Structure formats: C-alpha cells, structure tokens
Amino acid sequence: MDPPSSAARRASVIAGHLLGPYQSIANFSSSPVTPSPCLNYSPPDLSEKPPAFDVAALRRILDGHHHEARDWLFHLMEESPLFCPRRRGEFTFVAPDYNQTKEQQRAATMRRIEYLLGQGVFQGWFTGSDPEAGMRKLALFECIAVFDHSLSIKLGVHYFLWGGAINFLGTKRHHDKWLNASENFQVKGCFAMTELGHGSNVRGIETIATYDIDSGEFVINTPCESAQKYWIGGAANVGKVFHSTHTIIFSQLLINGTNQGVHAFIAQIRDNEGNICPNVRIADCGHKIGLNGVDNGRIWFDNIRIPRENLLNSVADVLPDGRYVSSIKDPDQRFAAFLAPLTSGRVNIAATAVYISKVGLAIAVRYALTRRVFSITADGPEVLLLDYPAHQRRLLPLVAKTCAMSSAANFLKRLYVNRTPESNKSVHIYSSALKATLTWNNMRVLQECREACGGQGLKTENRIGILKAEFDVQSTFEGDNNVLMQQVSKALLAEYIAAKKRKHPFRGLGLEHMNDPCPVIEANPTSSTLRSTEFQLNIICLRERDLLTRYASEVSRFQADGESKVNAALLSYQLADELARAFSERTILQIFIKEETTQSPGRLKDVLGLLRSMYALTCVEEDASFLRYGYLSRDGAAAARREVSKLCGDLRPHALSLVNSFGIPDSFLSPIAFDWIEANSWSTVNDE
C-alpha cells in the first residue's frame with residue numbers, strides 16, 4: 001500500500017482533474033457546478049512549427065517516380081461520384097461503402113473499372129513494354145490500392161496475373177490474339193492456379209491436362225474435390241455486371257501417360273453473355289473478412305477441351321504428333337519458369353503494402369497531433385497524444401521503417417522492370433524477401449495505428465481498422481510469407497556453398513560484405529557511434545554474415561548425421577528465419593543509405609539521417625539475435641534502446657512534415673485526421 005503522503009498526492013491530482021478550479025471537496029460542495037470549456041479542434045498545420053525541410057522533395061524521394069501521374073489519378077477518383085465522396089464537416093472523403101452487400105461491392109468495383117478504363121488509366125498496361133511504361137503502371141496501381149484493395153486486386157488479377165501469364169509464358173501467337181483485347185477488357189481474364197488442396201505447393205496441384213493426339217486438343221479435368229480451383233479472383237458469378245470470360249489453368253500435363261509437370265493453358269469459362277461454358281462448374285467462395293468487392297470463385301473442369309495452341313508454350317510445347325519439346329531440360333528449372341507471373345504480383349504487393357502503411361500512419365499521427373488526453377499537473381491543460389514519449393515510441397519508429405521500406409520498394413520496382421534473364425534469380429529473391437517483410441510491417445503498422453487511435457480506430461470511416469481486414473491477405477497470397485522467407489534462406493545457402501566450393505568471392509545480392517574482414521563492434525557505443533552509418537552497417541552486416549555461416553554449418557551437420565538435404569534445411573528452420581530477416585533488413589538499410597548519400601548537405605539530408613538511424617537501431621532493438629549470438633553486448637543493447645527513445649524526441653518536431661511527405665491526398669485519409677469534433681457533430685448525423 002502507498003504511504004499516506006503518496007496517496008494524498010495522487011488523490012489531489014485526481015481531484016484536480018475532477019474538480020477543476022474547486023481545489024477542495026469543501027469548496028466543491030458549497031459552490032455551483034460550472035461546465036468545463038469545450039474542446040476545440042486546432043489544425044496541426046497551424047499549431048505545429050513550419051517544416052524544417054522540403055516536404056515536396058522528400059515526397060519525390062519516397063514516391064520515387066511518376067508523382068504527377070499519381071496526382072492525376074487521385075484527382076480522377078476524387079471527382080467521380082463512383083468513388084463514394086462523403087462530406088464530414090468541411091472535408092470530403094472518398095472510400096468504398098463497406099455497408100453494401102458483397103454483390104453490391106462487386107458491382108461497384110466493376111463500375112469503377114469501367115470509369116477508369118474510359119479515362120485512359122490502363123492505356124499501355126499490356127501494350128507498353130518499356131521500363132517507363134512499367135513504372136507508370138506500378139505507380140497508378142499503388143494509388144488505386146489506396147482507395148480500395150478490392151479494386152486493385154481485380155485489376156491485378158486481370159493485368160498482372162492473367163496478362164502476365166500470357167506475356168511471360170506465351171509466344172507471339174498468344175500475344176497477338178489476347179493482349180490488345182485484354183487491355184480494353186474485351187476479354188476478361190482470371191488466373192486458376194491455387195486449388196483447395198494445394199496453395200504454396202504449386203508443384204503438387206492435381207488438375208490434369210491430357211493431350212488427345214486424334215483431335216489435337218488438351219482435355220482438362222478436375223479429378224477430385226481437392227483439385228477444385230480455389231480463391232480464383234474474378235471467377236465467381238456476379239450477375240451480368242462482370243465476370244471473367246477466360247482463365248489461365250495451371251495443371252499437370254500428361255503426354256502418353258508421362259507426367260511432364262505443371263503447365264499453363266488458356267481456357268474459356270464463359271461466353272460473351274456471361275453464361276458458363278459447358279463442362280465448367282463455378283461456385284462462389286462466399287463472404288470474407290475483407291476484399292468483398294472481389295468475386296473469388298471455385299472452378300471444376302469436367303473434361304473440357306481446348307485447342308493445342310492454347311498451351312502457353314514459351315517454356316515448353318507439344319507438337320501435333322504428341323511429342324513434348326522444351327529448351328529447358330531440367331524439370332526444376334522448367335517449373336520455376338512457369339512461376340514467373342507470380343513475381344510481378346509480389347512486386348506489386350510489396351509496393352502497395354508500403355503505401356497503405358503510409359495511409360495508416362498519416363491518419364494516426366495527425367490524430368495524435370490534435371487529440372489531447374490527461375494533464376501532467378493538477379490544473380494544467382491536457383497533453384497532446386504525440387507529446388507523450390510512449391506514444392512517440394509507438395508511431396515514430398514505424399514512420400522511419402515505412403520511409404526506409406519506401407526506398408526498398410522503389411528499388412524492387414526498378415529491378416523488376418529492368419530485369420534480364422541473368423537477373424531473374426535476384427528478382428525472385430528480392431521480391432520474396434521484400435514482399436514478406438513489407439507486408440508483415442504493414443500489418444503491424446495498421447494494428448498499432450488502430451490502437452493508437454483508441455475507439456475512433458474501430459470506425460470503418462476512419463479507415464485504419466478496415467484497411468487491416470482488407471490487406472491481411474497480403475501475408476499469404478502469391479506466396480505465404482513464411483514459405484517465401486525459407487526460399488530466401490535456401491537461396492543464400494546456395495550462394496554460400498558455391499562461393500566456398502569455388503573459393504570465389506561473394507558477388508551479388510549485397511553479399512559482398514562477406515568478403516571483408518569481420519567487423520568488430522565496441523562494447524559500449526556512444527550516441528554518435530550508434531548514429532553513424534559505419535556502426536549501423538557493421539552491426540547489421542555482422543548479423544547476416546554470422547547467421548549465414550551458422551545456417552550452413554547446421555545444415556551440414558544434419559546432413560552428416562544422415563539427414564537428406566531437404567530435411568536438413570527443414571530442421572534448421574529457426575536459423576533460416578533469422579537469416580532471411582537479416583538479409584531483408586540489411587538490404588533495406590543499404591538502399592536507404594544510398595538514398596541518403598545522394599542528397600546534398602542540408603536539412604533534408606539531416607532528417608533522412610534521423611530516419612536511417614531510427615530504422616537501423618529499431619532493427620537492432622527488436623531482434624533478439626543481436627544478444628542471443630553476442631553481436632552486441634548487454635550494455636550496447638541498452639544503449640541502442642535508449643538511443644531509439646532519443647530519436648523519437650528528435651523526430652517529434654518533424655512528425656507532421658514526415659506524414660505530409662507521404663503524398664496521400666486529404667480526401668483519401670479520414671475524418672480523425674482532420675476536424676474530428678466537427679465530423680462527429682450533430683449536424684453531420686444525417687450525412688452518415
């Protein structure tokens with residue numbers, strides 16, 4: 001129990017909160033009760049200090065490309081009633097109407113697609129083949145996702161999966177026949193890879209395609225219930241508004257009784273009137289926790305027949321006489337080539353995740369700059385949420401992480417659109433690592449922002465909570481994050497073994513630091529040391545270097561004990577997870593440092609330095625491996641923790657400018673980002 005003096009002080013403070021000017025119970029009982037003055041909203045743009053750096057310049061860094069095209073598309077969505085503008089006080093916001101049924105949401109999604117198609121948004125999305133067109137497409141896709149994930153997923157399935165499969169896996173005959181028609185939605189495509197019984201393990205799918213030599217056709221069949229195609233976006237029935245007319249079917253290819261592995265085929269599933277084709281059955285996947293504007297469906301094929309020419313044959317072909325031919329002799333390499341369309345999806349998902357993190361943080365930070373709670377003194381004013389060190393600790397490290405990951409997403413997009421056959425392996429590794437890392441970060445950001453906004457974070461119109469439900473799927477679709485990170489570790493292990501076997505230095509994937517002497521980390525780093533680029537790179541690279549060595553040693557030890565190579569890797573999963581995380585975070589840090597070093601000395605570069613230090617030291621603080629394996633002393637870890645708190649204080653004056661640099665228009669945020677008192681006033685009740 002508290003001593004009497006302590007209890008009395010606490011009671012006095014509480015009484016001060018409750019009684020206001022009446023400083024004693026006696027005064028309160030004999031004095032009339034008068035209301036406290038009402039709260040007033042004060043815009044943070046007026047109450048906060050002017051920006052200390054060029055906000056527009058930071059936006060150009062974080063967006064990376066096509067700023068004007070982004071603003072053009074945002075404006076197109078703002079000015080159309082199809083995007084559900086809602087007035088709240090003096091502000092108008094655009095967001096989907098989640099009170100609609102899934103059928104209504106799906107119909108609204110297609111009306112928006114038709115509007116954007118008419119405005120020329122998708123021009124060149126198939127027919128533009130140069131890197132510039134590719135980057136513009138990615139920029140516009142991110143903006144669409146800011147409005148509605150269902151809308152972006154519908155477009156992603158059609159343009160990146162259906163279209164990507166034709167583009168990557170098809171040849172000229174397929175390009176000429178399908179791409180132009182698909183760009184204008186004359187042909188509406190979906191992508192039937194996932195099955196009820198097989199998701200990440202694509203190699204194990206059970207759908208069967210058999211070549212009929214007599215007719216020159218493939219016969220595609222769903223042999224069992226677990227082989228039904230599942231979660232196929234665009235496949236379900238949506239009345240007459242929109243549904244896919246064609247699909248890419250991934251199935252096992254049987255030639256004369258020999259299974260040649262997974263291949264991809266084009267098949268028609270509906271006619272132009274929306275009627276389901278013979279020998280095709282389609283059912284709805286039902287209501288979901290999010291993405292109800294996407295018509296996910298299930299498909300069964302009952303020995304449907306398609307022309308031989310509908311095999312996407314850039315990787316392998318079947319000649320009219322039934323001979324199977326391929327320039328890629330290794331079945332594993334051939335299978336990997338068939339998964340190429342998924343890479344574009346992972347790039348999109350990673351970039352979109354960063355943009356959505358920006359939305360959540362912009363809302364939560366702006367709210368924290370206007371919402372007050374409690375007072376520090378008995379009769380003092382209530383304190384802004386973001387002036388509490390604990391609240392800064394919740395949000396500002398995530399702001400720094402999101403800024404660093406923005407640069408990483410831009411790096412990934414450039415790598416993808418400029419890919420070559422020689423760089424495809426690197427694209428796969430980076431896209432796998434960053435897709436997992438950035439989407440996990442997005443879920444953490446949205447959850448923290450939801451909680452940081454209290455009860456207001458639960459309201460759908462305030463966006464954060466519903467965004468969490470809408471984007472949760474990113475962690476598992478187009479590659480389960482945990483599986484992707486295992487692939488990253490296996491790829492790094494292969495690089496390690498090859499370098500040691502050939503006695504060659506490491507080259508590529510940023511592993512060149514493995515060729516340098518092992519860095520030495522001081523036991524008691526000072527504040528200036530902790531904030532130095534040299535220290536941050538050394539400690540982050542030391543972790544990756546050691547974990548890669550440990551992982552290789554553990555796998556080798558299991559193999560020496562009689563385990564197969566596959567089982568040895570599976571048994572080493574903990575080190576594999578730690579290694580993949582180390583690779584991802586080192587990659588992001590190196591990219592962000594490069595971004596910082598290209599800037600001229602000045603306030604913007606100083607702020608980038610604060611963000612870089614916050615990112616690096618937060619990575620150190622959050623990963624137990626720095627202490628577990630002794631990369632950092634206990635005193636060093638404690639110093640890093642203290643430095644993160646100091647950085648929160650250093651970044652606090654820049655909080656508004658940082659989230660303003662995210663480039664999200666006001667109308668795409670939410671009422672609590674602005675005048676949340678007026679937005680909840682009685683006068684707005686009839687607007688709800």
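Note: Cβ is positioned from N, Cα and C throughout, glycine not excepted.
For the domain 'Acyl-CoA oxidase/dehydrogenase middle' (190-303), the mean pLDDT of the prediction comes to 92. What TrEMBL records for 190-303 is domain 'Acyl-CoA oxidase/dehydrogenase middle'.
Within the same chain, residues at least six positions away from THR194 (FAD binding site) with a Cβ under 8 Å of its Cβ are LYS229, TYR230, TRP231, ILE232. Under the heading FAD binding site, TrEMBL lists THR194, GLY233.
Annotation comment: TrEMBL describes 342-493 as domain 'Acyl-CoA oxidase C-alpha1'.
The active site, proton acceptor annotation in TrEMBL covers GLU478. The Cβ of GLU478 (active site, proton acceptor) lies under 8 Å from the Cβ of LEU342, GLY345, ARG346, ILE349, LYS435, each on the same chain and at least six residues away in sequence.
The domain 'Acyl-CoA oxidase C-terminal' feature in TrEMBL is assigned to 537-669.
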Filtered by Cβ under 8 Å and at least 6 apart in sequence, the residues in the chain of GLY233 (FAD binding site) near it are ILE153, LYS154, GLY156, VAL157, CYS190, PHE191, VAL294, ASP295, ASN296
